[in-house]
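Heads up: the structure comes next, in structure tokens.
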Amino acid sequence: MLKPQKKHAHSLMVAPMLGWTTRHYHYFFRLICKKAQLYTEMFTAQAILKSPARERLLTVDANEKALAIQLGGGIASDLSKAAKIVESYGYSEINLNVGCPSEKVQSGGFGVVLLKEPNRVADAIAAMKAVVRLPVTVKTRIGVDNDESYDYLASFIRQVSLAGCDTFIIHARKAWLHGVSPKENREIPPLNYPWVYQIKRDFPHLTIVLNGGITCLKRAYQQLQHVDAVMIGRAAWYNPYLFAQLDALISPQDRFIVPHRFSIILQYLPYLEKALKSGENLAHLIQPLLGLFHGVVGTKQWRQTLSELLQRRYSFVKIKETLQEFISRR
């Protein structure tokens, strides 16, 4: 196994994924890995300003030290107000979404459509930087529709960096605004890593993070020859245990012990019990566990066990008994 080069405080990151990287996922993931940088799902500036559930949505676990919040929006004044609010919750970074291609996000005038309007992105970054002390970063793509050339991407990076952004997370695909779904936009446009490498060479003073198509730690570490950090998306959801060795690899002097899958389940149970008592949805609490046995013997039985928990609406006592029984049979 290759070891990561020390180029950034968090050389590996888990991408923001709407509906997936919830606070339940974050708690579960931290039972597997402490060292990776995590991101929330996207919160719109308007939701932060107006949602009556803001406190529940934004509260960060007291032990969490490396959780960034991703904001969506295209109005600088709204983003600056939202940034000021979220700063008080204990996040380590504010990230602006300039990459989401969904029609709903497009209709709101933000996401990847902002890649066509670097002036607006620069204004938003400057407005947020003026009111918070946290790092303000951008997650974007290499192009959108026919605005796809290395010179266009470099011009965008240059203009937004002059507004105060020094970290860019670049999904190494272009985006199509029409005719394809968000899923297809993650798969159909070809990956173009060389452009991201070139951005790092042309802007050596900036932190450049590569995103897109990375599904294992070995491949991620290989990319650190070219960029400062790597962000992993869907693979971190479908196979979260792939991060189990990361802490020991990054900090061998701390003698981290790779957690066993069974230990992770048992450690998650108290959190599950407390969350259920506070009224949280069982399905949302169980979802992060689905990929824990990905790629190993028992994965089918594990998913069947979790499906049974959801279908039969068990009490916590029965949930605990069912999971402990699964462990005892392995």
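Glycine residues also receive a Cβ, built from the backbone N, Cα and C atoms like all the rest.
Cross-referencing Q70, Q106, Q267 with the FMN binding residues that TrEMBL gives (P16, M17, L18, K139, H171, N211, G212, G213, G233, R234) picks out Q70. Comparing C-alpha positions, G213 (FMN binding site) sits nearest to R186 among the recorded sites N97, K183, R186, R303. Cα of N211 (FMN binding site) to Cα of C100 (active site, proton donor): a distance of 13 Å. The Cα atom of R234 (FMN binding site) lies nearest to that of K183, taking the recorded positions N97, C100, K183, R303 as the candidates. For R186 (site 'Interacts with tRNA'), the spatially nearest entry among the recorded positions P16, L18, C100, K139 is C100, judged by CA separation. Closest to K139 (FMN binding site) in space, going by CA atoms and restricting to the recorded positions N97, C100, K183, is N97.
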